[in-house]
Amino acid sequence: MRITVIGTGYVGLVTGASLAYLGHQAVCVDVNEEKIKLLKSGVMPLWEPGLESMIRDVELQGRLDYSTDVSASVPVSDAVFLTLGTPSSESGEVDLSALWSVVRSIAPMLHRDTLLIIKSTVPAGTCEQIEAYLHQQFPASASIAVAHNPEFLRQGSAVRDFLAPDRLVFGASRPEAHHRLEEIYAAIQSPVIKCGLREAELIKCASNAFLAMKISYANMMSDLCDALGISVDAVAEGMGLDRRIGSEFLRAGAGYGGSCFPKDLRALIALAAKEHLDMELLKATEAINRQRVQVICRRLEGIFGSLEDKQITIYGLAFKPNTDDTREAPALRISSMLQEAGARIRAYDPVVAGLPDRQVDVDTDMYEAADGSDCVVIVTDWDQFNRLDWGRLRQVMRSPYIFDARNMLDIAVMTENCKRYGLHYMSLGRPSIAPDVPLTID
Ligand code: UGA
């Protein structure tokens with residue numbers, strides 16, 4: 001099939017490349033000329049594992065192209081995917097202006113057999129409005145169908161998530177649209193949910209909100225474990241083995257960030273408010289997530305008293321590993337709060353080279369970043385931090401404190417390292433370890 005994908009962020013690019021990989025003829029379109037120029041010259045505009053090699057393969061086979069011009073590909077496409085960003089507005093509602101602007105501009109180019117597939121995350125009701133708009137504006141092409149096919153792509157594993165999904169969701173108001181989506185995804189083995197447009201829209205936001213809620217639940221339990229002097233690891237493992245609960249997204253730590261969970265929670269709360277419903281559970285989820293920063297800062301103040309003139313090194317700036325995305329990253333909130341408390345901040349991230357508009361020195365070497373530091377705080381669970389040379393780190397640091405705010409390091413391994421190198425290790429909801437007094441609570 002000939003497919004146009006409009007919007008080349010990580011969702012659009014992964015979608016275009018994966019559809020080409022599945023055998024379709026895909027064109028990725030974006031108004032950003034610089035981005036399209038980069039893609040055409042073989043430079044990746046974003047960092048997503050596995051994407052570049054897949055793109056090279058499909059380019060060689062002549063199945064993926066890039067363009068800034070919708071009018072060249074949309075009129076000859078069997079399906080048009082919209083993968084535009086839908087950020088939060090000030091009020092927490094979703095800003096759909098980019099999506100609508102593209103819908104208006106391509107509407108006259110859609111022919112009667114084209115399927116318009118909205119992949120962007122949108123509030124329930126949006127796709128019905130788009131369908132109604134098309135039929136009003138172009139009564140002659142009343143057969144143009146709109147579908148909603150939400151994405152469940154995690155940054156860092158988006159290619160795998162696209163090609164081997166837990167489920168495919170096909171939302172549409174007509175059977176022929178469901179059928180077209182089945183054809184597009186025929187090569188993918190996965191359960192398929194065929195439902196209405198609004199159901200598909202809600203499946204996406206409700207799934208993200210549920211995952212965020214699981215994380216906040218784990219964080220709430222982690223605070224209780226700290227108070228009781230027991231380990232949240234054992235509690236999460238014991239809960240997660242119950243198949244009704246599941247072990248994923250139960251990892252306590254610095255909280256969730258990124259461009260999806262915070263935004264989708266706000267959007268659901270705003271959508272429900274219009275229906276006079278108060279999403280108390282989601283508001284609590286947000287509040288717990290916001291408080292993670294305070295929990296971390298209070299722990300540091302508990303050690304140092306005042307943070308005035310203390311040097312804190314943040315390890316990890318991206319909102320999670322295997323991405324260079326710092327949107328709503330806990331590291332940003334933590335560094336701001338520590339700075340307000342008087343600390344000097346240095347930072348290291350394997351892929352994020354700098355933070356625009358922030359007074360944070362980002363080093364390219366993790367030991368340099370820790371030079372003269374009173375505490376290293378791990379905020380993103382990059383695998384690289386599992387292979388730190390603890391002896392070398394201790395030598396460059398002024399004080400011996402390691403705060404693992406992602407609970408990523410193994411307690412037994414860190415007990416050994418604390419003994420050997422005189423380190424103090426803390427995490428969240430797990431016993432702290434001092435050099436000669438292993439497994440004690442602060
Ligand atoms: C999320 C969803 O997982 C995807 O299914 C969805 O398609 C995507 O949003 C989207 O709406 O586009 P993503 O934001 O890339 O994907 O990241 P996740 O892997 O879900 O992690 C989100 C945040 O939760 C990260 O900050 C991560 O560190 C944190 N997290 C995750 C925890 O704090 N604990 C956990 O146990 C798991």
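Any Cβ shown, glycine's included, is placed from N, Cα and C.
According to TrEMBL, the residue from ARG174, ARG180, ARG327 that belongs to the NAD(+) site alongside ASP30, LYS35, THR86, THR121, LYS263 is ARG327. Among the candidates LYS283, LYS310, LYS320, the residue that TrEMBL annotates alongside LYS204, PHE249, LEU250, ARG251, ALA252, GLY253, GLY257 as binding substrate is LYS320. The binding-site residues recorded for this entry are ASP30, LYS35, THR86, THR121, LYS263, and the Cα of LYS263 lies nearest to that of ARG251 (substrate binding site). A Cβ distance below 6 Å to any atom of ligand 1 is met, among the binding-site residues THR86, LYS204, ARG251, ALA252, GLY253, ARG327, by ARG251, GLY253. Shown for the domain 'UDP-glucose/GDP-mannose dehydrogenase C-terminal' (313-411): DSSP residue counts in helix, strand and coil, namely 28 helix, 19 strand, 52 coil. Ranking the binding-site residues LYS35, LYS204 by other CB atoms within 10 A of the CB puts LYS35 at the bottom. Between the CA atoms of ALA252 (substrate binding site) and ARG327 (NAD(+) binding site) there is a gap of 20 Å.
Around GLY253 (substrate binding site), the same-chain residues six or more apart in sequence whose CB sits under 8 Å from its CB are ASN219, SER222, ARG292, ASP381, ALA405, ARG406, ASN407, MET408, LEU428, listed in sequence order. In this structure the C-alpha atoms belonging to ARG327 (NAD(+) binding site) and CYS260 (active site, nucleophile) are separated by 9 Å.
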